[in-house]
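Under the heading domain 'Tr-type G', TrEMBL lists 61-241. Taken from TrEMBL, the feature GTP binding site covers 70-77, 134-138, 188-191.
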Amino acid sequence: MVPRLFRLCAHLRHTLNVWERKQGLWQPGRALSSAAPAPAGKEANLGFVDGGFRVTDFPQDKVRNFSIIAHVDHGKSTLADRLLELTGAIRKGGQAQYLDKLQVERERGITVKAQTASLVYRHRGEDYLLNLIDTPGHVDFSYEVSRSLAACQGALLLVDAAQGVQAQTVANFFLAFDQDLAIVPVLNKVDLPSAEPDKVAEQMQQVFDIPEENCLRTSAKSGLGLEDVLPAVIKRVPPPRGDPEGDPRLLLFDAYHDAFRGVVCLVEVVDGSIRTGDRVTAASSGDTYDVSEVGVLVPEARSTGQLCTGQVGYVITGIKNTRAARVGDTWHLYKRPVERLPGFKPSKSMVFAGIYPTGGGEFDALAAAMDRLCLTDASIGVKRENSDALGAGFRCGFLGLLHMEVFLQRLEQEHGASVITTAPTVPYALDLYGGERMEIQNPSQFPLGVKVLGVWEPTVAATITLPSEYLGALMQLCQDRRGELTEHTHLGPGRLLLRRGPYVWYALPLAELGGDFYDELKSLSSGYASFDYAEGPTRRASLVRLDLMLNGLPVDALARVVHRDKAQQVGRAMCAAMRDKLGRQMFEVAIQATASGKVVARETLKAFRKNVTAKCYGGDVSRKRKLLERQKEGKKRMRRVGSVDVPQEVFHALMRV
Ligand SMILES: Nc1nc2c(ncn2[C@@H]2O[C@H](COP(=O)(O)OP(=O)(O)OP(=O)(O)O)[C@@H](O)[C@H]2O)c(=O)[nH]1
């Protein structure tokens, strides 16, 4: 009864909204009677901590939408904090890195999810609504950056004045440049003794053709130069260009799941405006929803009743199915179709891994958790798969290894899921007899007993910047990882440029970026190297399938594809790790590694019943019982391969070999 009543009210409200639009009776701000007018008189602080908010006070020319983009750790989140404080959105001296809300972000000290905040700023006696999007710096999250940029007309390009232009500075600059955004260059960390802002400004001119005098100089730490940032945004970033009189057209650029409110969609209102009570249609599916709440993030969600042309905010529609909120989709008013916005390029998975629940019966819970997490990260590809050893699970595609690690950490921390993952792998293409080509995303799909004429693996075009003195060590590392040097160049003359060294371009197999590549790169360059990559062509390579067998039976979840020359070395390491981790069984276990069916390594585990109470001397019965119970509990978490019980820690341990 209640939902029906609610639907009826929503329908009446929508009909009234449409009628008003048609009759020209639309009264901006009427739905906002509860919002207090913005306090006047304060120059640069009209914040939301004490003040009110009326979106209709901000016509398009008083709106600016911009992102902060930079290389990792150049200070985006710290600068965003300062801008939030400056405009009164948050209180000074509060929580640092306010927009990095996720536990994983705080623990790792990196941004993984773009965050939006609307600020009100008074400049020369006029109030402006500035929508800021703080973006991640790491290459694995560049999809977040490109998505965020679609809702912006400008970008603050931040560069650490001590480190200069780095690999992701270049990558992010081109993302913004390709989308025709106004770029406001900011040299940050000028307070550092090692800062050389003049040299970096010169570098900006050389690399990006940005006039040196256009670079702002700031310290997000000490606050130096911050007062110039927002005036520069207002002056250099154009207002959004949409048609305020046109039919409402919304770009859905992000979404997340809120435990109380359900699916929350972040939108830019490209044309027209949207109000609570409107009925909207998603252009991709034709599904229709009633808008139950509209508002801005200041940075917490605040209902405003409507959003006008060019504004960025959130919309809640009671979407139940997380997959219905398709990031990149165009929304319009019910029965008022509009031309669809270009949306986003689908992301291309670079790394794949199988994800399985640790307990067999936990599949549904894992599926629900994955669904909710994928809503906040549209770049993850998910397909169901089954493993003989691990049961029902998923094969997921990620943009890189860090992306995968962060996803797994979020699954555990935010959704309480406990999972086993297979070793990450890349997609391979196999040439079979008869001209047939087979794509595999899982090593256990690599056919055995069939003649494979050729295996093609993906490569990346890697850009590495590092000081010249580390060039030799870098070349050795890339050669060990089967890389081919394509080009290298110096950034230009000058002390800083010499110190920062050359750009080096390598074609590297994507599979070789796994494991310890980043760690080695950082350690060989004393932390100075920076790395970025783009997708390269596929390359033919001598690759084989490596299997781990227990008493003659392959463990499908542990199969991997390796280079022929490394098969024995990896096989031995896997057998040794299996021997150490498996724990003795009641019978002898033969552990073998086979490359394309031929044994390349072997270990034998002698029969033994593990006596977990051996260390408990005397008659401490309760302690013995506790240990035996824990052993029983552990057995539940075992996976059976033939007659061998494999504890799940073994899977975790072998993924890292
Ligand atoms: N000395 C100095 N340190 C700064 C300044 N701005 C930021 N930092 C420090 O630099 C480190 C990285 O800052 P973040 O704001 O997390 O950098 P980020 O670009 O958001 O990092 P990612 O999100 O991981 O890409 C932190 O330890 C900050 O305290 C500055 O102007 N001066």
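Glycine residues also receive a Cβ, built from the backbone N, Cα and C atoms like all the rest.
What you are looking at is a predicted structure, and each value in this text was computed from that prediction instead of being measured.
Feature map: TrEMBL annotations on the structure.
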residue	record	Cβ contacts under 8 Å, 6 or more apart
ALA70	GTP binding site	LYS76, GLY137, LEU157, LEU158, VAL159, ASP160, GLN168, THR169, ASN172, ASN188
ASP73	GTP binding site	GLY109, ILE110, GLY137, ASP160
THR135	GTP binding site	SER67, ILE68, ILE69, LYS76, THR111, ALA114, PHE141, GLU144, VAL145, SER148, ASN172
HIS138	GTP binding site	VAL72, ILE110, VAL112, GLN168, LEU402
VAL190	GTP binding site	ALA161, PRO197, ARG217, THR218, SER219, LEU224, GLY225
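Mean pLDDT for the domain 'Tr-type G' (61-241) in this predicted model: 88.
Among the binding-site residues listed (ALA70, ASP73, LYS76, THR135, VAL190), ALA70, ASP73, LYS76 have a CB atom closer than 6 Å to some atom of ligand 1, in sequence order.
According to DSSP, VAL190 (GTP binding site) is assigned to coil rather than to any helix or strand. Packing around LYS76 (GTP binding site) is summarised by its Cβ count: 27 other Cβ atoms lie within 10 angstroms of its Cβ, all protein chains included.
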